[in-house]
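Below is one structure, written out as structure tokens; comments come after it.
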């Protein structure tokens, strides 16, 4: 929009009569007192620009609080627009720094403590022949929600996009309108009367139309959540008759769900029956989303036919007041913004209302609005907001497009921290720092025996009880059920494999008992209770090698295994005593992702492998002839060439080949007697059973896809949020229940998980307690330390961070089909791949550059180096898989440790900055860190000492002494340093909006108790006999 058009459009917002006072915004206004000082009074002083050094940092704020707000008043430096020397505002007096000063003040009163805000915008709507009413059109909690045109529904929350012109118009409204801060009122009647009195006194409103405006303000409010059929009856009574519930902390933003329905305030409140709040019209689902202690900000905009120019008011109540019916939810109102204007400009007023509502949701302006002392503070907040906004080109973006809210909102803390004198920001966005990776005290070596364990106990003790109480939630129950089903199957499956490898020495019941003990003990007493210790593939390989060694050298396997277990316990205690966990800081993302990717691939591979294994057990005929199906048979027959094992079995059972009726045996009996299956319908392990295999395939993939669908159900548009969240949390458990029920109803005999029925050792000839020596020689007790060292590394490196609670006596898992559990394995593996950056980088190989996603590391690292990093990581992953799948699996932990050294070698190929984006930085030497820290502290001390020396002391009121740093208070000669308040006043758009105030010469008197005073001091420079002016704002 051009300047002339903008001024013409907004002229009604700024029009004043000839006898009215005008506020001229020239960046800053000041009351200047020119004082001539005698020569001897300023002897030996050079010409300096004197100003108040504003404290911004946290330390300065503490010092400000210590001095007390009663006698330490804020002083602002105001400069005249008619600068004789043409200099701009000093860099320390930008809107950003003024806002930082405002936020740095710490008032002792509780009335100005910022609360969460719920903002609602109502527009005055009317039709010919019908009365006015305020209708809710939008609301803001975190993001904007609009009432859809033509529909009785709310839009999805979206990021509000504002036009720069509407923000300029809003600033003009605050500049020229009525601003009343800390108004004490209890009803909307009182608020309206005080606002109208102020408007009439300032000439903004004519007294003849006062009653019309007042009547419009007190019209009823229609909220979106009210039923359509009730819109024809009065929704609320007149605000003059409505009681209030006022308290600085009243209506905490959440309703008490008890039957009494009490509203808890600060000693005041009423029951649901006695309160004027109509609870039947409160949207309880939305009310739950409002934080406790929240307050309301009401924006009222509209057009009427009795006004010739707009009237504007910004009101802050102190304390906040609950005005029933004004807001759709019963929270106390803190802020009111009113904009009423002549008919024909409703869209313009609507955009101004959206602008102030969006500003109230901004973290910085929100705090400024609470702590503002006068109109200038609010203008500084708007200017700081304008200084931070991002402008989208009009030809490249459609403002009607609604932007989805981001997953995480960026922090605004950097807007609260000032820029250093050298121009560098206090907080800058950059690559992750070195200290961010494994920087917690948990991984720092203490240098004392069991020092880390003692610190862990101290850290965990305060939360030990809450760990149990926090588990009493629906999400924890979902995790328990999921992990129970996911972890019990591997334990029992591993036990079966272990039984085969050790010829029944250790089998399923021992694995189940061991997993239960370690899981419960570790969860109760470990520093991380969400870790489960379970057996893995390398452990199985270790057991196979150890059993083979014992069998070859005629040693007792269980006794030697007991000795190794005792040595392993001792070595683990040594690791704890020496704080060996601190070495984990050398395992960066490079190693973590390779190991995590390997686990995901193992889950996927084993799930598919077990499915193929079912195809071998339940084979099907791949050469069927449909015409000969009736002739297919499969019977049990005597083995033609019985083995020695078969003969030994017959002898032990006291049977002969002739005494058995082979043709009448069942499949299981035939396998028991080592019979042979004969016939065209027989496979390697018995008769063909095609329906079982194909049913297992259906169960397997249905479990996977159903788990994925239910897990993503939270983002679907069906059912209420709570229902969707519950379904998503219990996705895997619900999938297992559904698939078990389907399998039961179909009736196909799919293989089921086998759970031991009795709690007894696999070998009935031994007990639970094994002697570490047994029949072995004495030296085995010592030599067992060598394999124990390798076993310790295996256990230490194979921990998986997850959560599990194992209930050993539960046997309901026997009804779960094995393909369903295999499908769960597949889901666990595939779902875990999504959060690994390594796989995102693999996908970049097949993408052209223009189609690649906007990944943060692609902005700072060349693409070819990203590919090199990925290839190295992929090579290490392949080596891990090859070693794990081969006979050398016992050295698998060593390979994981070797990844650390591979990562260290990459420092030679990549710069530190590139690795900071692709990976975590390796820890440097401790000495280097200490040297850097000492050097930084020394420089800081020297800088502070220099600041103390270069200080001007001026006598102040009441005998106080004003200390002013001189060197830090200089004019900015850097053209990149911009004061947006000054620059905005130069724009054609702002001049067009302010053109009607340029002719006004009378400045509105400053009624603020903290009236800024500016002293112009003339310094005489003796050598050059020249006079220089400097300005002090006190």
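Every residue gets a Cβ built from N, Cα and C, even glycine.
Swiss-Prot lists 60-77 with the feature compositional bias 'Basic residues'.
Annotated compositional bias 'Basic and acidic residues' per Swiss-Prot: 78-90, in sequence order.
What Swiss-Prot lists as compositional bias 'Polar residues' is 250-260.
Residues or ranges marked as disulfide bond by Swiss-Prot on the basis of similarity to another entry: 634-636 (among others). On its own chain, residue 634 (disulfide bond) has 677, 678, 679, 680, 681, 682, 686, 687, 688 as residues at least 6 apart in sequence with a Cβ closer than 8 Å to its own Cβ.
Every protein chain considered, the tally of other Cβ atoms within 10 Å of the Cβ of residue 682 (disulfide bond) stands at 20. Residues or ranges marked as disulfide bond in Swiss-Prot: 670-682 (among others).
The N-linked glycosylation site annotation in Swiss-Prot covers 176 (among others), and the record cites sequence analysis as its basis. Neighbour count (other Cβ atoms within 10 Å of the Cβ, all protein chains): 26 for residue 176 (N-linked glycosylation site).
What Swiss-Prot records for 274 (among others) is N-linked glycosylation site.
Annotation source Swiss-Prot lists N-linked glycosylation site at 644 (among others). Mapped onto three states, the DSSP output places residue 644 (N-linked glycosylation site) in helix.
What Swiss-Prot records for 654 (among others) is N-linked glycosylation site, and it gives experimental evidence as the kind of evidence. DSSP assigns residue 654 (N-linked glycosylation site) to coil in the three-state reduction, placing it in neither a helix nor a strand.
For 664 (among others), the entry in Swiss-Prot reads N-linked glycosylation site, with the evidence type experimental evidence. Under a cutoff of 8 A between CB atoms, and with a sequence separation of 6+ in the same chain, residue 664 (N-linked glycosylation site) has no neighbours.
Residues annotated as phosphothreonine in Swiss-Prot: 951.
The motif 'PDZ-binding' feature in Swiss-Prot is assigned to 1031-1034; the stated evidence is similarity to another entry.
Annotated topological domain 'Extracellular' per Swiss-Prot: 1-476 (among others), in sequence order, evidence recorded as sequence analysis.
Annotated topological domain 'Cytoplasmic' per Swiss-Prot: 498-505 (among others), in sequence order. The residues of the topological domain 'Cytoplasmic' (498-505), classed with DSSP into helix (H, G, I), strand (E, B) and coil, number 4 helix, 0 strand, 4 coil.
What Swiss-Prot lists as topological domain 'Extracellular' is 527-563 (among others), and the listing cites sequence analysis. Confidence over the topological domain 'Extracellular' (527-563), given as mean pLDDT on the 0 to 100 scale, stands at 72.
The topological domain 'Cytoplasmic' feature in Swiss-Prot is assigned to 585-593 (among others).
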Exercise. Taking the transmembrane segment (564-584) as the first stretch and the transmembrane segment (777-797) as the second, find out whether 3 or more Cβ pairs fall under 8 Å, excluding pairs closer than 6 in sequence.
Key: yes
Quiz item: Whole-number Å distance between the CA of residue 670 (disulfide bond) and the CA of residue 636 (disulfide bond)?
Solution: 6
Exercise. In whole Å, note down how far the CA of residue 654 (N-linked glycosylation site) lies from the CA of residue 176 (N-linked glycosylation site).
Key: 111
Quiz item: Cα-Cα separation of residue 654 (N-linked glycosylation site) and residue 636 (disulfide bond), in Å?
Solution: 20
Self-check item: Close approaches to the topological domain 'Extracellular' (834-876) from elsewhere in its chain (Cβ under 8 angstroms; 6 or more beyond its ends)
Solution: 431, 589-590, 593-594, 596-597, 600, 899, 902, 906, 909-910, 913-914, 917-919
Practice problem: Report the same-chain neighbours of residue 636 (disulfide bond): residues 6+ apart in sequence with Cβ closer than 8 Å to its Cβ, ordered by sequence. | Solution: 662, 663, 665, 667, 669, 670, 675, 676, 677, 678
Quiz prompt | Neighbourhood of residue 644 (N-linked glycosylation site) by C-beta distance under 8 A, where only residues 6 or more apart in the same chain count | solution = none
Exercise. Let me know the most crowded of the recorded positions, choosing from 654, 670 and counting other Cβ atoms within 10 Å.
Key: 670
Exercise. Please report the DSSP secondary structure of residue 634 (disulfide bond), reduced to three states.
Key: coil
